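Asker: There's a structure below that I have some questions on.
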Amino acid sequence: MHKKSSTLIRKREISDVTKESKVVLKSDQQWREQLSEQEYHVCREQGTEPPFSGKLLHNKDSGEYACTCCYAPLFSSVNKYDSGCGWPSFDAPINETAVLYLDDFSHGMKRVEIRCARCDSHLGHVFPDGPKTTGERFCVNSVSLIFNKIETNE
């Protein structure tokens, strides 16, 4: 289970992440060449895709959700649920070091932004209104994720 602080989420430092995985650093130009306009806007400029528009919103296949920018594993289908918010929602990341948490005071609100711990890509936000399993709702832009389906032999 994810450890919580007295506010909402325990903050992680970049140094916590580098012990377990290599941080991906690219120039702005390299990101622009790699990503589509929408991917760049959401992942590198902290944009948001329109609600109910994401390609992964209704995905029910078993597998792993990875970062669009660096392919780091971020979420498991086991933790995905329909929150009704218009974006893919998860009750936890794939592991404790997969995402970074940052205070976000934009748009006159206080929220907690989530980013890929490996490449600092904007993913979305985490809220304290999730299911009973963790109490957290990781609200993630579809465009910031790549889905890797697990093939079953049925």
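Glycine is no exception: its Cβ is also placed from the backbone N, Cα and C atoms.
For reference, Swiss-Prot lists these features for the protein:
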| type | residues | note |
| --- | --- | --- |
| ACT_SITE | Cys139 | active site, nucleophile |
| BINDING | Cys67, Cys70, Cys116, Cys119 | Zn(2+) binding site |
| DOMAIN | 28-150 | domain 'MsrB' |
Asker: Would you list the other residues of this chain near Zn(2+) - those whose C-beta lies within 8 angstroms of the C-beta centroid of Cys67, Cys70, Cys116, Cys119 - in sequence order?
Answerer: Val24, Thr68, Cys69, Tyr71, Ala72, Leu74, Ala117, Arg118, Asp120, Ser121
Asker: With DSSP helix as H/G/I and strand as E/B, how many residues of the domain 'MsrB' (28-150) fall in helix, strand and coil?
Answerer: 25 helix, 40 strand, 58 coil
Asker: Round to a whole number and give the Cα-to-Cα distance in Å for the pair Cys116 (Zn(2+) binding site) and the residue listed as 'active site, nucleophile'.
Answerer: 13
Asker: What is the average pLDDT across the domain 'MsrB' (28-150)?
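Answerer: Within the domain 'MsrB' (28-150), the model's average pLDDT equals 97.
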Asker: Given the recorded positions Cys67, Cys119, Cys139, which one's Cβ is surrounded by the fewest other Cβ atoms within 10 Å?
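Answerer: Relative to the other recorded positions in Cys67, Cys119, Cys139, Cys119 has the fewest Cβ atoms within 10 Å.
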Asker: Within 10 Å of its Cβ, which one of these binding-site residues (Cys70, Cys116) has the largest number of other Cβ atoms?
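Answerer: Counting Cβ neighbours within 10 Å, the top one is Cys116.
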Asker: Measuring Cα to Cα, how many angstrom lie between the residue listed as 'active site, nucleophile' and Cys67 (Zn(2+) binding site)?
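Answerer: The residue listed as 'active site, nucleophile' and Cys67 (Zn(2+) binding site) have their Cα atoms 14 Å apart.
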